[in-house]
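Chemist: Below are the features I grabbed from Swiss-Prot:
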TRANSIT   1-32  transit peptide
BINDING   Lys44, Phe92, Arg120, Thr126, Arg137, Asn147  ATP binding site
ACT_SITE  His150  active site, pros-phosphohistidine intermediate
Amino acid sequence: MGSLFGRVAALRALLCGPRFQCLLVRPSSGGPPWPQERTLVAVKPDGVQRRLVGTVIQRFERRGFKLVGMKMLQAPESILAEHYRDLQRKPFYPALISYMSSGPVVAMVWEGPNVVHISRAMIGHTDSTEAAPGTIRGDFSVHISRNVIHASDSVDGAQREIELWFQSSELLNWADGGHHSSCYPA
């Protein structure tokens, strides 16, 4: 599990390390702008039941990301089976599908520079005992099988998951009119 100090140091290294330098600083004015990405974020049934949806939205908005799609649904088993297809041979798969279909899920699509990697850092380790304080799972998760939230793990995975959970007509392209407090360029 590691000490609290070790987990905080690990999170700091993740956010401040060379690979994730863009999490904290803007690119130089002479460099190319960050590409806009989209990612799927889903508040799982335990997060909805515990009324954490607003907290999750607030964290992503404060980070400067733009919400371009959102819906609450009782996830159909067909979507869950496709979403978790890589886990079908795992012994916990039936329990995972049962849990994910046990209550409503709030699925969201967030847009922003480097949103896939940053959102993964924001949500924290899958195992709540390893999730650093300050991450969503570190602050709210109580068990590895009830870990509040899902976020896509790659740009390709995000595209696949977004197409699975949303119709293109459910995603909005809207301009924020420059009225944002993001540290990212408009």
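Here, residue 1 is simply the first one shown, and the rest follow in order.
Every residue gets a Cβ built from N, Cα and C, even glycine.
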Chemist: Give the residue from the binding-site residues Thr126, Asn147 that has the most other Cβ atoms within 10 Å of its Cβ, counting over every protein chain displayed.
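Modeler: The residue with the densest Cβ neighbourhood is Asn147.
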Chemist: Neighbour count, 10 Å Cβ-Cβ cut-off, for Phe92 (ATP binding site): what number do you get?
Modeler: 11
Chemist: Determine the most Cβ-crowded residue among the recorded positions Arg120, Arg137, His150, using a 10 Å radius around each Cβ and all protein chains in the structure.
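Modeler: Highest number of other Cβ atoms within 10 Å: Arg137.
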Chemist: What whole-number Å value do you get for the CA-CA distance of Phe92 (ATP binding site) and the residue listed as 'active site, pros-phosphohistidine intermediate'?
Modeler: 17
Chemist: Measuring Cα to Cα, how many Å separate Lys44 (ATP binding site) from His150 (active site, pros-phosphohistidine intermediate)?
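Modeler: Distance (Cα to Cα, whole Å): 7 Å.
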Chemist: Within 10 Å of the Cβ of Lys44 (ATP binding site), how many other Cβ atoms can you find? Include all protein chains, please.
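Modeler: Total other Cβ atoms inside 10 Å, all chains included: 23.
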Chemist: Using DSSP and collapsing to three states, where does Arg137 (ATP binding site) fall: helix, strand or coil?
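Modeler: Reduced to three states, the DSSP call for Arg137 (ATP binding site) is helix.
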Chemist: Please give the maximum pairwise Cα distance, in Å and rounded to a whole number, for the ATP-binding set Lys44, Phe92, Arg120, Thr126, Arg137, Asn147.
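Modeler: Those residues reach a largest Cα separation of 22 Å.
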Chemist: Where does Arg120 (ATP binding site) sit in the DSSP three-state scheme?
Modeler: helix
